[in-house]
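What TrEMBL records for 48, 51, 60, 63, 64, 65, 105, 108, 109, 119, 122, 123 is heme c binding site. Annotation comment: TrEMBL describes 33-123 as domain 'Class III cytochrome C'. As annotated by TrEMBL, signal peptide applies to 1-24.
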Ligand code: HEC
Ligand code: HEC
Ligand code: HEC
Ligand code: HEC
């Protein structure tokens, strides 16, 4: 009898945990640029506003730099323009799209000593 109650309670606890995990995951926005589909890895976790608030990033141009004639223009910004508009997936000149994401995300995490730098830290499995 007690063993059966224990089993039922364990089943409920497991269900609650599974539901919590399922909801937490579907709530987390990820980067899924059209240009990189179909992605080999689980799409990188990036909750735009929450990330930037936590990281205290107020200057949009830190990530959304503007450019002219193939060079970054420090005084401008390009929020609203997808990275892929300037960084082609198969670019042979300059920074191609995957490198653009990797360099921007990882360089800051490395220099600040905060944020994930291992593959699974950003490409979080479901
Ligand atoms: C840490 C880097 C970073 C910072 C800082 C940042 N963004 Fe972004 N933002 C991104 C990335 C990455 C994307 C996705 C772009 C892509 O994949 O083409 C994005 C997308 C967007 C988009 C496109 C709409 C959408 O949700 O897809 C808008 C608009 C935007 N950002 C506005 C802003 C504004 C305004 C600020 C400053 C208050 C800002 N961003 C600061 C990285 C950043
Ligand atoms: C308006 C065009 C434009 C947009 C939009 C743009 N870039 Fe760039 N980016 C450039 C140009 C031009 C360069 C310099 C040449 C090169 O490296 O390709 C550059 C350079 C870079 C570099 C290498 C130099 C550095 O600063 O470390 C990275 C990394 C990068 N971009 C990431 C991104 C990411 C990530 C996004 C989207 C959030 C983005 N870029 C949006 C035009 C753009
Ligand atoms: C200019 C600096 C900077 C850039 C660029 C940046 N990050 Fe971060 N990121 C941080 C910092 C700082 C933290 C740690 C925030 C904290 O918890 O204090 C962080 C934390 C994270 C976390 C941990 C989750 C969280 O909310 O605590 C993830 C995931 C992440 N970043 C993904 C990305 C991705 C993906 C990109 C590129 C699209 C990116 N970051 C670009 C600074 C940056
Ligand atoms: C700081 C965050 C971050 C880390 C760490 C990171 N990536 Fe990424 N990666 C991204 C972002 C952002 C993109 C563009 C959005 C996407 O495709 O998930 C990307 C795209 C990719 C892509 C192209 C899209 C696809 O899935 O086919 C591959 C492949 C990839 N990463 C492999 C790796 C590998 C391997 C590592 C470890 C050596 C790694 N990444 C570490 C953020 C990261």
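Quick reminder: no glycine exception, Cβ is built from N, Cα and C everywhere.
In TrEMBL, annotation is done automatically, which means it is predicted and not curated.
Take the binding-site residues 60, 105, 122: by the count of other Cβ atoms within 10 Å of each Cβ, the lowest one is 60.
In this view, the densest Cβ surroundings among the binding-site residues 48, 64, 109 belong to 109, judged by other Cβ atoms lying within 10 Å.
Maximum C-alpha to C-alpha distance over the listed heme c-binding residues 48, 51, 60, 63, 64, 65, 105, 108, 109, 119, 122, 123 is 25 Å.
Per DSSP, the domain 'Class III cytochrome C' (33-123) is made up of 37 helix, 8 strand, 46 coil.
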